[in-house]
Amino acid sequence: MNKSRYVVAIDQGTTSCRAIVFDAHGGIVNTAQQEFTQFFPQPGWVEHDADEIWRVQLAVLREAVAAVDVTDITAIGITNQRETTVVWDKMTGKPVHPAIVWQCRRTSGMCEELRQRGWETTIRGKTGLVLDAYFSGTKLKWLLDTYPDIRAKAERGEVLFGTVDSWLIWKLTEGRQHVTDVTNASRTMLLNIHSAQWDDDILTEFNIPKAMLPEVRSSSEIYGHTGLLGGGVNVPIAGAAGDQQAALFGQGCSSEGMAKNTYGTGCFVLKCTGAQPIRSEKGLITTIAWGLNGQLTYALEGSVFNAGAVVQWLRDGLGIIQHASETEAIAKSVPDTGGVYFVPAFTGFGTPYWEPDARGMITGLTRASTKADIVRAALESIAFQSRDVLEVMEEESGIRLKELRVDGGAVRNDFLMQFQADVLGVDVTRPQVIETTALGAASLAGLAVGLWSDMSELEQLKGYDRTFHPEKDLRYREQAVAGWKRAVSYQL
Ligand SMILES: Nc1ncnc2c1ncn2[C@@H]1O[C@H](COP(=O)(O)OP(=O)(O)O)[C@@H](O)[C@H]1O
Ligand SMILES: O=P(O)(O)OC[C@H](O)CO
């Protein structure tokens, strides 16, 4: 009998929790998804309730696996929003503070102080990162500095730190495993990316007790088991990676020079650089792509903080749309934006500007401007920001991009994909499974338990849905980009 075997991916994103059951051919058998609450307690601050994330994640996980016999599930792979900082009590398993989300800017002043004290070059050299509030290190330092009682407990090992992967593994194993994978660890600003160990100099400077940090593991190995899927089975948790690294893996970008862009809350362009960490001079980040079979693979990354977030803001902030999917028809209803540009720097700029104090702005409004112009400008801003990152990547490597592989929730939007091809002047290729992030996590877990044997077998699991070819000429592109850069310059 040819018995079906499955891998479940947990995809814990910035705005929603997803669980996807894949079969052994990489096909999606069942999906469950639910949004959770975003908290904005002060301008530029963003928080999540880690307990809510756990409850919602467990509920969608159970919903997704209900479609199959749990005894046929070979492994769980986890992928997650990165950098978001969770601190919880080891005894009660409860968070001691709201999770400080990657987008939160509360520590930009602290980063400026560290810069003035000469830490920028050291941080760049050891961690591959830009000294910015984006990463977990200063978020954790802020929490410990602000609450001395939490610091005292952290020193005694009574409260634990983790990124969301760590938090979920801890909860899934009912407090038995406090681990993280090397890709998530590389986003904390506390890891030396050359040795893949926590860096003692940085921990001392930040005054962060090592006792509260998780053990750093590879991206594909059994971290522990969970009995929470029911059926009396213990399912191995066998893969973990930050969502952007998982997408790179899921897109099959495992050779040097291959790149992808993921369009979620933010946009993240990652280019695989193989076994070498490449140091950027133009504001890109050097990061660990994955740790697999005892070897580290590195990537260069450009991070756009607000991409799909602008569509959410149209829905929840302005209230001019009901659903994200409406934006496509609205944008197509006008031939252009009539000179309107939307700069969605709600939480500052990441790559390539790294301007923490920038804020959102709409320019070029006239009495003739309409809702459609604003919606279209919002979508265009996602493509312009991605273009800015790719431009820097090309300048830095000297290699012209030939094709862009895309994934993430917002790539469903055909207008956005066509506009991206038009402003880049290269083909944009969308895969059949746009849940590449989840596929990457499932692949890492499936490799660890022997469901798949190697990368070449994983390559067979992929298919492509559509390629968007550029339809505009160079003159159009140059004019559009010049207008965008002018709008951005008002915030620099
Ligand atoms: N059809 C669409 N057009 C434009 N944006 C969309 C569309 N569908 C979803 N989005 C945006 O994509 C994001 C959701 O993508 P997802 O990959 O699930 O993000 P995350 O992992 O950050 O939660 C949201 O910000 C949403 O506004
Ligand atoms: O939740 P996403 O898909 O926007 O990804 C968030 C990133 O991991 C933040 O670095």
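Using the three backbone atoms N, Cα and C, a Cβ is placed for every residue, glycine included.
TrEMBL does not curate its annotations; it predicts them automatically.
Keep in mind that this is a model prediction, so the values were computed, not measured.
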Quiz item: In TrEMBL, the ATP site includes Thr14, Thr15, Ser16, Gly308, Gln312, Gly409. Which of Thr265, Thr351, Thr366, Thr370 does it also list there?
Solution: Thr265
Quiz item: Which residue of Tyr134, Tyr223, Tyr298 does TrEMBL report at the same glycerol site as Arg82, Glu83, Asp243, Gln244?
Solution: Tyr134
Quiz item: Taking the centroid of the Cβ atoms of Arg82, Glu83, Tyr134, Asp243, Gln244 as the glycerol site, which other residues of that chain lie with their Cβ within 8 Å of it, listed in sequence order?
Solution: Gln81, Thr84, Trp102, Arg187, Gly242, Phe268, Ser303
Quiz item: What is the one among the binding-site residues Gly308, Gly409 whose Cβ has the most other Cβ atoms less than or equal to 10 Å away?
Solution: Gly308
Quiz item: Near Gln244 (glycerol binding site), which of the binding-site residues Thr14, Thr15, Arg18, Tyr134, Thr265 can be found within 10 Å, Cα to Cα?
Solution: none
Self-check item: Longest CA-CA distance among Thr14, Arg82, Glu83, Tyr134, Asp243, per record bound to sn-glycerol 3-phosphate, angstrom
Solution: 15
Practice problem: Give the sequence-ordered list of residues that share a chain with Thr15 (ATP binding site), lie 6 or more positions from it, and have CB atoms under 8 Å from its CB. | Solution: Glu35, Phe36, Gln38, Gly264, Thr265, Gly308, Gln312
